[in-house]
Amino acid sequence: MARNGSLEEFLGVAVDAAKRAGEIIRKGFHETKHVVHKGQVDLVTETDKACEDLIFNHLKQHFPSHKFIGEETSAATGDFDLTDEPTWIVDPVDGTTNFVHGFPSVCVSIGLTIGKIPTVGVVYDPIIDELFTGINGKGAYLNGKPIKVSSQSELVKSLLGTEVGTTRDNLTVETTTRRINNLLFKVRSLRMCGSCALDLCWVACGRLELFYLIGYGGPWDVAGGAVIVKEAGGVLFDPSGSEFDITSQRVAATNPHLKEAFVEALQLSEYVS
């Protein structure tokens, strides 16, 4: 049950925050970026920090009793505590590497969990002005129009999305590429857009039939898109086929017709060389 407001109110405030942050992203997209390396290939910019501050300040003004988890604050400390309390989970710039390179797949992702369940989701792509929204039990929308997952039922006719992450040790790279190589024999083609949140939304609106990612950064990568996928009629689960856990850094999404075949293909891809 919502606390300190209705779910519609939560969504409205989150949309406002996402659009304000999106304006910062849009203005900075073609400018010179001041980049800091979080790891070998993981980047953060001044825009990430400015957007997270803006979003949290806006949300805290409206919902001061809520909890807050953000990529730039939580990832930096390696510490976040997801409780049953209403918790806003934010990735201020999902697709920072794209942003740095001027590659137009960048978004703001804002999710609200209540009882650890993704309940409200907002994903805003300011470069092409696409706003994905969802409320648990009330549908998913793209720029105010209802969206649904693809009705495709054949794996071989399906478009698969994934990402390669930012870890570059030999074992991770070998495992990732082996998995992709094996899956390519099962699907029509593969896409990597560089944003987990957008990948999930593209499943929700039918642009992708399949998506999986193993080893993403944290709950901020999926909190916004998770409820949007479910409300669009999709299914969200662990790549092993078990129940999705927002804190596990493992996610897969598709439509109900493809889930069984997709899980089988994912499992086989782990062992076939």
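The chain as shown is numbered from 1 upward.
Here the Cβ of each residue, glycine as well, is placed from N, Cα and C on the backbone.
The following features are taken from Swiss-Prot:
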BINDING   Glu71, Val93, Asp94, Gly95, Thr96, Gly194, Ser195, Cys196, Asp221  substrate binding site
BINDING   Glu71, Asp91, Val93  Mg(2+) 1 binding site
BINDING   Asp91, Asp94, Asp221  Mg(2+) 2 binding site
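Features recorded in Swiss-Prot, as mapped to the structure shown.
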residue : record                 : DSSP (3 states)
Glu71   : substrate binding site : helix
Asp91   : Mg(2+) 1 binding site  : strand
Thr96   : substrate binding site : helix
Ser195  : substrate binding site : coil
Asp221  : substrate binding site : helix
What whole-number Å value do you get for the CA-CA distance of Glu71 (substrate binding site) and Asp91 (Mg(2+) 1 binding site)? 5
List the residues in the vicinity of the Mg(2+) 1 site, defined as same-chain residues other than Glu71, Asp91, Val93 with C-beta within 8 angstroms of the site's C-beta centre. Asp48, Cys51, Glu52, Gly70, Glu72, Val90, Pro92, Asp94, Thr96, Val108, Ser109, Trp220, Asp221
Which one of these binding-site residues has the most other Cβ atoms within 10 Å of its own Cβ: Asp91, Asp221? Asp91
These are the binding-site residues: Thr96, Ser195. Which one scores highest on other Cβ atoms within 10 Å? Ser195
Excluding Asp91, Asp94, Asp221 themselves, which residues in that chain have a Cβ inside 8 Å of the centre of the Cβ atoms defining the Mg(2+) 2 site? Glu71, Gly95, Cys107, Ser109, Ser195, Cys196, Ala197, Tyr216, Gly217, Trp220, Val222, Gly224
Whole-number Å distance separating the Cα atoms of Asp221 (substrate binding site) and Asp91 (Mg(2+) 1 binding site) is 6
Between the C-alpha atoms of Ser195 (substrate binding site) and Val93 (Mg(2+) 1 binding site), the distance in angstrom, to the nearest integer, is 9
